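S.K.: Pasting a structure here, questions to come.
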Amino acid sequence: MAEPVGKRGRLSRGSGAGRRPRAQRSPSRGTLDVVSVDLVSDSDEEIVEVTSARCAADEVEVAPSEPPGPVASRDDSDSDSEGADARPAGPPREPVRRRRRLVLDPGEAPLVPVYSGKVKSSLCLIPDDLSLLKLYPPGDEEEVELADSSGLYHEGSPSPGSPWKTKLRTKDKEEKKKTEILDLDNSPLSPPSPRTKSRKHTRALKKLSEVNKRLQDLRSCLSPEPPQGQEQQGQEDEVVLVEGPTLPETPRLFPLKIRCRADLVRLPLRMSEPLQSVVDHMATHLGVSPSRILLLFGETELSPTATPRTLKLGVADIIDCVVLASSPEATETSRQLQLRVQGKEKHQTLEVSLSRDSPLKTLMSHYEEAMGLSGRKLSFFFDGTKLSGRELPADLGMESGDLIEVWG
């Protein structure tokens, strides 16, 4: 398309030496590409790009390429014929015409409709949707205004006064107002202002400071005075012991319920008192030996050493009392008779235990030995009847406490 450009000018005269050979440049840098300018545009941004491209292309100067080889020297008075002889042989080269630089102002660019009527009818216009406002935040309006003042617009961004954007903005504002009105209607009470919150906060701080001050005053009153000659310790090291008045301990009585046969006995008892007191009380109440008293809680036999606290007894709990039958040892003991033997003198009295099946001769011999009257002839009488010593207490119907008289 383009050929290398010829010489740009002659060298200065005055020296007889020949011209210096210049370095040959590559044809790619020495050629100019044809730049087509689209005069039909619907935005000013494309015009600016074309202008900048043209300016960048003009800054690159194309250096002429000269054929290698020495060039004949020329005198100051050389003529046209001499200059023609000095040129190298070969076909003459046509100089490339330099194109005129075309600079278009944004205001001078003609506005030509790009689309025909059919194309406009088939275009899908931007819908009036509020979701598009997210793609066009409010901060971009300032950028659009700045671009409008400088005459540049972002590619693909709508114009500042586009009707669809203003319509979306107005719709968004209306919906926000509606939601705010609904929120105010739904809320029974408006939220407290930050001023009221700060007042509440200051009141709470004042109350806390008053409480702390009172506690410090109380601590200063209760803390003992430090002894003289000793350094006062820090507040953190102080230990205050407050001893209250010693009150006499009042034992708490626990009403224990005891069921025996058809009777229900209520016995006040301390929680730490053993159940032996219950056994003694029931033995006295029933007129039997304490060894024959058995306490049961449900089906569990209770030990006399246990306490209501260890057994975890409550007010509604009832203890059963059972009277056991007499044991064989008790039967034998009951068969023993306590008989009194009385002599002439008051001091000659002796109490002797004798079995019902034992003869009375044993009692007589025991009395003679105890009183030192062995060898003497003594007579023993029971209810006016003289005893020979071969009788049995059971045959005579004797009981414990009966009296036998001695004469001699």
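Backbone N, Cα and C define each Cβ position, glycine as well.
I grabbed these lines from Swiss-Prot:
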- 197-220: coiled coil (COILED)
- 24-40: compositional bias 'Low complexity' (COMPBIAS)
- 169-181: compositional bias 'Basic and acidic residues' (COMPBIAS)
- LYS118: SUMO2 cross-link (CROSSLNK)
- LYS120: SUMO2 cross-link (CROSSLNK)
- 337-408: domain 'Ubiquitin-like' (DOMAIN)
- SER43: phosphoserine (MOD_RES)
- SER73: phosphoserine (MOD_RES)
- SER77: phosphoserine (MOD_RES)
- SER79: phosphoserine (MOD_RES)
- SER81: phosphoserine (MOD_RES)
- SER116: phosphoserine (MOD_RES)
- SER190: phosphoserine (MOD_RES)
- SER193: phosphoserine (MOD_RES)
- SER303: phosphoserine (MOD_RES)
- THR305: phosphothreonine (MOD_RES)
- SER358: phosphoserine (MOD_RES)
- SER379: phosphoserine (MOD_RES)
- 1-113: region 'Disordered' (REGION)
- 141-205: region 'Disordered' (REGION)
S.K.: Helix, strand or coil by DSSP: which one applies to SER358 (phosphoserine)?
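M.R.: DSSP assigns SER358 (phosphoserine) to coil.
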S.K.: Whole-number answer please: how many Å between the C-alpha atoms of SER379 (phosphoserine) and SER358 (phosphoserine)?
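M.R.: A Cα-Cα distance of 19 Å.
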S.K.: In whole Å, note down how far the CA of SER358 (phosphoserine) lies from the CA of SER303 (phosphoserine).
M.R.: 40
S.K.: To see if you understand the setup: which same-chain residues, six or more apart in sequence, place their Cβ under 8 Å from that of SER358 (phosphoserine)?
M.R.: LEU392, PRO393
